[in-house]
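*Asks:* Below, the features straight out of TrEMBL:
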- A:119-145: compositional bias 'Polar residues' (COMPBIAS)
- A:10-62: domain 'HTH myb-type' (DOMAIN)
- A:10-62: domain 'Myb-like' (DOMAIN)
- A:63-113: domain 'Myb-like' (DOMAIN)
- A:63-117: domain 'HTH myb-type' (DOMAIN)
- A:112-145: region 'Disordered' (REGION)
Amino acid sequence: MMVRTPSCDKNGLKKGTWTAEEDKKLVDYITRYGHWNWRLLPKFAGLARCGKSCRLRWLNYLRPNLKRGNYTEEEEETIIKLHRRLGNRWSTIAARMPGRTDNEIKNHWHTNLKKRSQQHNSVATESQISNSNDQSPTEPTEDTAFQNFNSATQDCSPLSQHSSSSTSTECTTVASTENLLLLEDEFAFWDADTDLVSGNFWLEPYMLDISYLPASEPEYFSQVFDVELWSHDT
DNA sequence: AAATTCGACAACCGCCAGATC
DNA sequence: AGATCTGGCGGTTGTCGAATT
């Protein structure tokens, strides 16, 4: 749908929009051999693309079981909530939302949810100001608890992509017992539906789920990919 | 009806961390 | 130990169609 002007980089590699033919080559190759090396993959797959471009195309568009668009209220609330806690850690947020990519979530955030979140925040701030005299300063809210966790573990948390060289021992020292208890509470939900993350979804990497596609799209996919498509009943 | 603005999102870019040589 | 390679991430851009003026 989004069409970028086709162009080539200095190495003669193609840039811009992927064609159906390129998609087919990429899917065919990965379905058969997997993605063992993104840099070399395009050469073996017969694509005049850089590895990064192939990787991105696969992860954000061609990978099986991706949902596309049509965010539910629940999903949007989840994104807003997670963003409030995690900030712009899109990949971490995406990991909590099976079928959604970090890129898609990021886009949806910037085009839809940011405004909504800001509105929510301004309302929340107003009510906080009006209630500030009533609230005990020692009583952590859901969000402050998370901030405590973040500040205590920001250099060593697996959630932090920019981890430093701090050792786990140092991190344990920094994170107070209180914070760790809060952490347990905060991330209780993290395990609540791990089967979504660690279960069939990830164990069936090459099962193409087309249940989310409009009626016309399975035909396109089966033509383009020349692979057997099926949706699973859950 | 034409021009302009806006919303959507695929894709690129540069940076970083970890792995490997 | 240092250099290089690779994968991954978040920020940003570019282009389209839709909506508005």
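Heads up, the Cβ atoms here are built off N, Cα and C, so glycines get one too.
Keep in mind that TrEMBL annotations are predicted by a computer and have not been checked by a curator.
Map the listed features onto the structure and describe their local environment.
*Replies:* On the 0 to 100 pLDDT scale, the domain 'Myb-like' (A:10-62) averages 88 in this prediction.
For the domain 'Myb-like' (A:63-113), the number of residues in each DSSP class (helix H, G, I; strand E, B; coil) is 32 helix, 0 strand, 19 coil.
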